[in-house]
Amino acid sequence: MPTDAKRPLQLNDQGQLRHFISLDGLPRELLTEILDTADSFLEVGARAVKKVPLLRGKTVCNVFFENSTRTRTTFELAAQRLSADVISLNVSTSSTSKGETLTDTLRNLEAMAADMFVVRHSDSGAAHFIAEHVSPNVAVINGGDGRHAHPTQGMLDMLTIRRHKGNFEQLSVAIVGDILHSRVARSNMLALKTLGCPDIRVIAPRTLLPIGLEEQYGVRVFTNADEGLKDVDVVIMLRLQRERMQGGLLPSEGEFFKLYGLTEKRLKLAKPDAIVMHPGPINRGVEIESAVADGAQSVILNQVTYGIAIRMAVLSMAMSGQNTQRQLEQEDAE
């Protein structure tokens, strides 16, 4: 199954978003357009009636082959706020459990006139495979595929950073934890690099670091958390993904917390105004202590709010191209 989701598949002939599979190969201008569009949609969430008619008459189908309450719920809410009809497929009770292929399942859904699929799958490359096999008028959004990519999470993290820190050109950002199994880490590294962040630091035990990070993403790698966190502006903590680990990668969760967990004491190594992020779900006392997760520097709940706006931006842009902001302005004027 292919795992490389480069520009020709994701963009149409005019350079507008067609599918959203990975941040790899997407230009800085497009990522900025997504962030700007999401900024516009944040205002919609503050309205008494939290809806705009940009996707009225369209059907968005959430096809989650891997559980994720947060991602599925925010995609549902994003589609509903755009006035789309929403179908969420419970895969555990679907025909795939009876031996039906992924392609057959999607063909049946297409027969129901779905305009867009939001797909989450445990196999890397699944979203790319689906995008290659759907009808030309159907858009595919990757809700997370294996270790490969989680592009909307990457973009909501970028929106969080931009709203709290301004531009990216003078920031130091640390990504801490289970890098090896994290599609979020990969999407964040790609987004930060594309948006011009000059100092991307990756902090993890050697057993949880993929080979070749420095060359592929232009990051600095640290196995000592105290050294890596010194004077950073942003700290992104990652969950230990025990369900994806083979034995022997870690001595214990307690040992991991001792060496890499974000405590109040360790956070003081970062800049005084550093922000703390986490894609969730949080393992308190494993990668982060409660005093930090709930503290004044935490923007974890903001990430959830911004996630709805980012997903609204991606859904609307994939359906209508990069004129979403103009359409939204026209709706406001009427």
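Including glycine, each Cβ sits where the backbone N, Cα and C put it.
Among the features that Swiss-Prot reports, carbamoyl phosphate binding site is placed at Arg70, Thr71, Arg120, His150, Gln153, Gly280, Pro281. The feature L-aspartate binding site is assigned by Swiss-Prot to Lys98, Arg183, Arg239, with sequence analysis given as support.
In three-state terms derived from DSSP, Thr71 (carbamoyl phosphate binding site) belongs to a helical segment. Around the Cβ of Pro281 (carbamoyl phosphate binding site), the same chain contributes Arg70, Arg239, each under 8 angstroms and 6 or more positions distant in sequence. It is 14 Å from the Cα atom of Thr71 (carbamoyl phosphate binding site) to that of Arg183 (L-aspartate binding site). Spacing of Gly280 (carbamoyl phosphate binding site) relative to Arg183 (L-aspartate binding site) is 13 Å (Cα to Cα, whole number).
Residues Arg70, Thr71, Arg120, His150, Gln153, Gly280, Pro281 are the ones the record ties to carbamoyl phosphate, and the longest Cα gap between any two of them is 16 Å.
Distance between Cα atoms for Arg183 (L-aspartate binding site) and His150 (carbamoyl phosphate binding site): 6 Å, as a whole number.
Residue environment of Arg239 (L-aspartate binding site) contains 19 other Cβ atoms, counted within 10 Å of its Cβ in all protein chains. Residues Ser68, Gly143, Gly144, Val184, Pro279 surround the recorded carbamoyl phosphate site, their Cβ atoms falling within 8 Å of the Cβ centroid of Arg70, Thr71, Arg120, His150, Gln153, Gly280, Pro281, which are themselves excluded. Listed binding-site residues: Arg70, Arg120, His150, Arg183. The one with the lowest count of other Cβ atoms within 10 Å of its Cβ is Arg70.
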